[in-house]
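Student: In case it's useful when we look at the structure, here is the feature table from TrEMBL:
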- His23, His25, His67, Glu69: Fe cation binding site (BINDING)
- 10-84: domain 'Pirin N-terminal' (DOMAIN)
Amino acid sequence: MHYGPLRVINEDNIARAKGFDTHHHREFEIFTYITRGEIVHKDSLGNTEVLKRGDVQYTSAGTGISHSEYAGNKTDASILQIWVKPNESGLKPTYYTRHHPEESKTNVLKKIVTPRENFGDKLAEVPKQDGKEELIPIPADVEFFASILGKAGDKVEHEFGKKAGAASLDRSRTRLGLVQLVMSSGIRKKSESAPEQGAKIKVTADDGTEQVLQEGDGLRIEAKEGSKLSFENVGDRSAEFVFFDMGEH
């Protein structure tokens, strides 16, 4: 994938006690959104953590980092793994973890990752592993959100390019969006169709264009700053999804 700064978004099911052996990364922002089970993370910075549903583990690889990730011994695990190309190179490797409880994402489009420039001179004060629900800074024009729409009819909205404290929007500037609906009924193979029953959301643009997504579906959206989207649960159960609002580069 090469969509703006986004390079990878994979939804992986990892069998218990299985996973990814130690491997090396550099010059990528890599984060894992855990949707089921437990993930054991170890890296060359000395971090060792057991991550559970609701956790986000974020590695800014910078000049280089090695890590491994395995499902715990008790059950399989499901994750979204995301790679973003940073707009700076040669950065110091950094590691963040956050926890976002179910209720904090229910019927809210909750921001989880935001450009580091938004922190100004407070960037050095951002906690690494004890920040609970605090925003994670990324060296890229990317904002990452998550939401759980509890029941049919529940809805959230998003305005492209809207930043806290910004005086105005440049409505001529293009933004790139991507929404991915989590496979909450279980991981399926690419060759398999989405189940008739299950989580579904309807994505509606300013001009009335609509698209219904089933579990595992993703949708790319090109829009101008200030344009709005709505996300509505149209399925028979709660619907968990993630969303990116990004620059073109």
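Using N, Cα and C of the backbone, Cβ positions are placed for all residues, glycine too.
Map the listed features onto the structure and describe their local environment.
Tutor: Cβ neighbour count for His67 (Fe cation binding site) (all protein chains, 10 Å cutoff from its Cβ): 22.
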Student: Quick one: which residues besides His23, His25, His67, Glu69 have a Cβ within 8 Å of the Fe cation site's Cβ centroid, in sequence order?
Tutor: Phe20, Thr22, His24, Ile30, Asp43, Thr59, Ile65, Ser66, Ser68
Student: Comparing the binding-site residues His23, His25, which residue's C-beta has the most other C-beta atoms within 10 angstroms in this structure?
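Tutor: Of the binding-site residues His23, His25, the highest Cβ count within 10 Å belongs to His25.
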Student: I'd like the Cβ neighbour count for Glu69 (Fe cation binding site), meaning other Cβ atoms within 10 Å of its Cβ, all protein chains included.
Tutor: 22
